[in-house]
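K.L.:
Straight out of TrEMBL:
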- B:7-24: transmembrane segment (TRANSMEM)
- B:69-87: transmembrane segment (TRANSMEM)
- B:93-112: transmembrane segment (TRANSMEM)
- B:119-138: transmembrane segment (TRANSMEM)
- B:158-186: transmembrane segment (TRANSMEM)
- B:216-235: transmembrane segment (TRANSMEM)
- B:247-267: transmembrane segment (TRANSMEM)
- B:274-295: transmembrane segment (TRANSMEM)
Amino acid sequence: MKTTIDATPEVAQNAPVNPRRRVYRPNAKYIPILATLVLLLAMYVGGLANLAHFDDPRVVVNLFRDNAVLLVVAIGMTFVILTGGIDLSVGAVISLTTTLTATLLQGGWPPLLVLPLVLVLGALLGSGMGAVIQYFKVEPFIATLAGLFLARGLALYINQESIPIRDKLWVTLSDLRIPLFDGVKTTLIAVVALVVVLIAAAVLAWTRFGRNVYAIGGSADSALLMGLPVARTRVLVYTISGFCAALGGVLFTINSTSGHALQGAGTELDAIAACVIGGVLLTGGSGYVFGTLLGVMVFGLISTIINFQGDLNSAWTRIVVGILLFGFIVLQRLVTRRAR
Amino acid sequence: MTILKNRLFWPIAILVAMLIVNVFTSHQFLTIHDGHLFGTLIDILRGSAPLMLVALGMTLVISTGGIDLSVGSVMAISGAVACLLIKDLSDQNAIGAVLLIVAVAIGVSALLGLWNGTLVAVVGIQPIIATLILMVAGRGLAQLITDGQIINVQSNPYASIATGFFLTLPVAFLIAMAAVALTAVLTRRTALGLLLESVGGSPAASRLAGIRARRITMMVYVVSGAFAGLAGLIVSADIKSADSIHAGDLIELDAILAVVIGGTALIGGRFSIIGTVIGALLIQTLTVTVVGVGVPPKATLLFKAVIVVALCLSQSPVFREKVFGRFKSRPAVRAEVTA
């Protein structure tokens, strides 16, 4: 494929070669990701230069542990945004999953039954919203907003308090440490999140379903005319998002061995922001899972740096996150604009 | 049949149905008390004012194909600024000074809107992300202004913004109605509404047609900010204090919902102000009714979800066709076949 795209047009063979063409230019579709990557590295190097103990490899390893939930949710969101949709319900699905998991475990349900149950419930909620969006032509923003109210309402109805988890399996998984190198260890949830990233990237890059997702995001009408299974694919991306949100909720209960109905509030916007920072276009059809990964890392690195700084109260934390988000988005915007 | 096909038929029907429920469940639905109207209906009108103002600004933003997530934070900042300034007054009941402070708070909110508009129209950031920045940082700013405390004020003129009555109607509702009337006249009696819809339809095409698309886009965010600021003042005057954490929390979602219930498409290019007013009234009535009927507070959100789902489905033409289509006789189609 590459050779056909790079082949010089006939006119250019007779005309003198434009000297600007010799400059290396990355493929235009990779520029947003490269911009994010460069800015992320710049932030990390800035942290190395200015903060003590920032060079500890655990800083990077802990990024994955601390942002595992957001990462998994953002991956599901990537699928939805790639089709040109949006899923506002993920934060509420996290709430519902953590509350339900904790309540069922407290009630003495076998953990190996609870785990698949909540995951299937999340997937079902997602496919329900996807079906409403696909078959009744309700706008994704509204259908998933209704999903948000429904899931958060169910969570609050089940229990409004924080519920501790004493289940043996959950405690074991929570305490599990996986050695990496030089005595650096990480948690199970970080590994699970990374596995989800790899699976999602493979699905989008190499499967027929992945190509359908991009096709629908490019133009749903064209995809339909091409004979692609638009309905099935669209319902499936919301199912994936719901499943990922439920998995995020489970990871949260494993990490904190507790469940709370207000947990996960606002995660949907963090996930959307992470996707956008990573170069996934909200209009659909363009973006990569690794971009989302980088976006989540940016979010994580912002709060890590603020933690290292140490002397900021909660009000300032929000403001600094906002300022950094602003700087980041504007910089990325400038970089990508020049490239076009 | 034409009435049934109107997009606003079901929202209005549900609104009326809920009001009728309220007539039976509330102690006083509408009476005269202390020289002004009183009762559940008036509570609904008064309580709907902030949401109506926010949703009004949101309607204009959405008509240009944008969205404003920062309205809740702007409300918090506006209330914080006003309460901070009023607290420092030597006489908190001085009407002139309070009016000036109100103007300052609205001015600050409009500036925040200008910031959003600049990011969207000049820098070219997607609206949802551009306003997300202020949504995140704004609440921190509000906390900074109030120093993390809840600032209480003892100003009667300020409190009357929310709790006062004029011509037997709540002042808050009259403010919202004035804003609605002004917006309706400006957008429907001048070319402004047409320009908005044109920009929402296609910013590039309208720019080529000689419309200053960038200026219009910035303007709607300024208006949205100013209306959100006004809403923030009403909310804070109602409790006579500035609560930087809870003021306007999640109101952006309710406002977007009100706009959509009113028949404005989220993709832009078309808007209905009267629809938004009905949407906001519907949401407020729903909230009041749920409590009035005696649904336990923890099930409120669940109840709300069910209504929202029902309403959205009832507005979906495809859903109507699939579910109600088979019950209808179709003379038009038959005539075509026989002819």
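Note that Cβ sites are derived from N, Cα and C of the backbone, with glycine treated the same way.
How about a rundown of where these features are and what they're close to?
P.N.:
Sequence-distant contacts of the transmembrane segment (B:69-87), counting only residues of its own chain at least 6 positions beyond either end whose CB sits under 8 Å from a CB of the stretch, comprise 50, 54, 57-58, 98, 101-102, 104-106, 108-109, 112-113, 116, 128, 131-139, 141-142, 145-146, 151-153, 155, 158, 224-225, 228-233, 235-236, 241-245, 247-252, 255.
Residues 70, 74, 77-79, 81-82, 85-86, 134, 138, 155-158, 161, 222-223, 225-226, 228-230, 232-233 of the same chain lie 6+ residues outside the transmembrane segment (B:93-112) yet bring a C-beta within less than 8 angstroms of a C-beta in it.
The list of residues near the transmembrane segment (B:119-138) in space but at least 6 beyond its ends in sequence, with Cβ under 8 angstroms from a Cβ of it, reads 61, 65-70, 72-74, 76-77, 112, 213-215, 217-218, 221, 252.
Within its own chain, the transmembrane segment (B:158-186) is flanked in space by residues 32, 35-37, 42, 45-46, 48-50, 52-53, 56, 60, 82, 86, 92, 98, 101-102, 192-193, 223, 227, 230, 233-235, 237-238, 240, 273-274, 277, which lie at least six positions past its ends and keep a Cβ under 8 Å from the stretch.
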K.L.:
What same-chain residues lie close to the transmembrane segment (B:247-267): Cβ under 8 Å, and 6 or more beyond its ends?
P.N.:
7-8, 11, 50-52, 54-55, 58-59, 62-63, 65, 67-76, 79, 135, 142, 200, 228, 231-232, 235-236, 274-280, 282-283, 308, 311-312, 315
K.L.:
Could you give the residue numbers and ranges of same-chain residues that sit at least 6 residues beyond the transmembrane segment (B:7-24) on either side and whose C-beta is under 8 angstroms from one of its C-beta atoms?
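P.N.:
Same-chain contacts beyond the flanks: 40-41, 44, 261-263, 272, 274-275, 278-279, 281-282, 285-286, 288-289, 292-293, 307, 311, 314-315.
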